[in-house]
Structures are given as structure tokens and as C-alpha cells.
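Read through the structure below, which is laid out as C-alpha cells, and then see the notes.
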Amino acid sequence: METTVRKQKKNLETKKPSIYSLQLHEMQDWLKEQGEPKFRAGQIFDWLYKKRVKNYEDMSNLSKGLREKLSNSFDITTLNTLVKQTSSDGTIKFLFQLYDGYSIETVLMRHEYGNSICVTTQVGCRIGCTFCASTLGGLKRNLEAGEIVAQVVEVQRALDESEERVSSLVVMGIGEPFDNYDNLMGFLRIINHEKGLHIGARHMTVSTSGIIPKIYKFAEEDLQINFAISLHAPNSELRSKLMPINRAYKLPDLMEAIKYYVNRTGRRITFEYGLFGGENDQVEHAEELAALLKGVKCHVNLIPVNYVPERDYVRTPREQIFLFEKTLKDRGVNVTIRREQGHDIDAACGQLRAKERKEETR
């Protein structure tokens, strides 16, 4: 009987590229190399993203020869579901296993306006935010575009049973999306394409901790995707304490990049601001934040933090959250408090994965 380690080693040795990593034009190029007509690419995408088949044999309008070529060239398997937690509010958290044994998290959130999914872009994270469970254990590797796509496909398959669909997505799961930029953009283009899952660009949001060169690059992309910055502090000193990335990419330089993005795209930016009891949640912090954002076309999303056992931060009291919000509103800042979801499951980013890793080491 094969051990888990031996199976993982075999998977690494025999791994083929994921078919879910291919954009339509890349599929067309591959078909041309195989002497096949390029219209077959649309048929293949239809099987993958509309019918969501799990094997090539089901692609009945393709020749046997083409199905064999696909099978020999590309892996069609997606992800193995290790854990599926369902909250009382309908939020579902998936722990998926990758081909090499690593695990990642994906979250389905239900809203009045539809179903939203939060996807992961890396196994672990190197950014080192002091409040985040995702950084525990460091960065293991980047996800391929197909592994990010597969998260959406798997969640959509789960929704197919109730004839629902994923209507929006946020790239705010484990990892720093801009630290895996090329695979991120490949994923977004596949998911957005009318032959893919066809999720509208304006229904997708990418969040970054502030990798400044990639913000300038993102401003030049042709997709009208919503953009969010994990800010969490109104000044450099406090931000460096909470987010070590601020030592490399200073807050004043970050704000310049953000202003360039807003002016270049004409789109509003969202600032994510987690509230940590006694750290960044006082009235003076709100006043300083309002001054920092003055003149910037933006929205502030206040996030009551989830408790992470491995971290020391505590939740801001409810009345203090409302006072912080009021202080911003009184100074003309567009602000909302994020609705909490999945409070009765391991909802904080990286929490379920960290719990699973801890159990594996016992």
C-alpha cells in the first residue's frame, strides 16, 4: 500500500500542466500545433466551464484522437476536498488538497445580491502581517493559474446541486495576489471570459498588501476589476508594526501609487481596515485616517477582526467600532462596517489550514 509521501512524490513526477491554466487563445494555439481546428477551443471551454465535466471521455463532440491528445497533455483533475465547514449563516469554507499534498482554503459567502467566493493565490504567505493566520509557516509556493481557477470550478459544482451560481469573487484568501501576479492575471482572464465562467470584471475584486510596482502595472491592465488595499493603519509607524511590508513599501509611496491608479483608471479604490482592540481603533486613528485619505476617490471597509489563537490581537468593542465609523463619516469619508460571516466556523483567513496542519503534526 502506497504511503501519502510516496503518492505525492509520484504526483510530482508525473504531473502534467492543468488544462484550467489555459486561456482561450492558448488553447487555440495548442490545437493548431496538433493540427486541429481552433474552433475546438470553444467546445473544450464549454465542457470545462459550462458543463463542468470531470474527464475527457465526456467531451462527446470531440474525436477520440483529440480526447487522447488532451489526456496526454493536460491534467483535468481539480482539487480534493479535505474539509467542508458550513456556518449557520450559509457561509461554506472548503479546505482543498493540491496535487503535492499542500492544502488551501476557499470560502463561499451568501449575500442578498448573490453568491461570492473568496479564493487563495498562494500556499502560505511571505508578507508576515502580524495579525494574519495565513503567514503561519511562511510561503510554500505560488498557485498556478489553473489551481486558482479550480477553486471556482469546484465551488460552482457544489452550487450546481441547488441550481445556483457564483456571481462575484474576491481575491482575498491565503497569500499576496500581487506576489503571484502572472498567475493571478491568467486566472482573472479565464474566469472573466465569456467562454469561461463569465464572471463580470466589475464583480471581481483583487486585494493587495501594497506591492507598489505591481500597483502601477495593474493600473495598465485592460480589465475593469475592483481594487482593494489592505491598509490597517493611518500612519507608517503603526503600519510597519502591523504589516512589515510597510518597511519595504512606505506608506507615502503607497499613497502615490494609489493616486496614480485612481487617476489612470477613474475607478474608486477600497481600503480594508481591520480593527484591533487598543492598537488602531481609537478616535485619533480615525481622524488621522480621514486626513490620509482626503482627496482620494475611495471607500473604507472596516473589518471587526476574527480572533486567531496564535495571534495576540483582540476584537474592538462594538461601540468603539461604531464610534470609529462615525468619526470617519463626520469627516466626509465613505465608510461601511463589513458584515461578519462564518463566525461559528474557522472563518479567519488561514485558520482552517493552520488547524489542519497542527492536527497533522500531532
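Glycine is treated like the rest: Cβ placed from N, Cα and C.
As annotated by Swiss-Prot, active site, proton acceptor applies to Glu105, with the evidence given as sequence analysis.
The disulfide bond feature in Swiss-Prot is assigned to Cys118-Cys349.
Positions annotated as [4Fe-4S] cluster binding site by Swiss-Prot: Cys125, Cys129, Cys132. Here the Cβ of Cys129 ([4Fe-4S] cluster binding site) has 20 other Cβ atoms within 10 Å, regardless of which shown protein chain they belong to. Cys129 ([4Fe-4S] cluster binding site) falls within neither a helix nor a strand when secondary structure is assigned with DSSP, and so counts as coil.
Per Swiss-Prot, the feature S-adenosyl-L-methionine binding site maps to Gly175, Glu176, Ser207, Ser230, Leu231, His232, Asn306. The Cβ neighbour count for Ser230 (S-adenosyl-L-methionine binding site), using a 10 Å radius and every protein chain shown, is 23.
Look at Swiss-Prot and you will find Cys349 tagged as active site, S-methylcysteine intermediate, backed by sequence analysis.
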Of the recorded positions Glu105, Cys118, Cys125, Cys129, Cys132, which one sits closest to Glu176 (S-adenosyl-L-methionine binding site) when you measure Cα to Cα? Cys125
Whole-number answer please: how many Å between the C-alpha atoms of Ser207 (S-adenosyl-L-methionine binding site) and Cys118 (disulfide bond)? 11
If you measure from the CA of Cys118 (disulfide bond) out to 10 Å, which recorded positions from the list Glu105, Cys129, Ser230, His232, Asn306 are inside that radius? Glu105
Compile a sequence-ordered list of residues in the same chain as His232 (S-adenosyl-L-methionine binding site), six or more apart from it, whose Cβ lies below 8 A from its Cβ; state 'none' when nothing qualifies. Cys129, Phe131, Arg239, Leu242, Met243, Glu272, Tyr273, Gly274, Phe276, Asn280
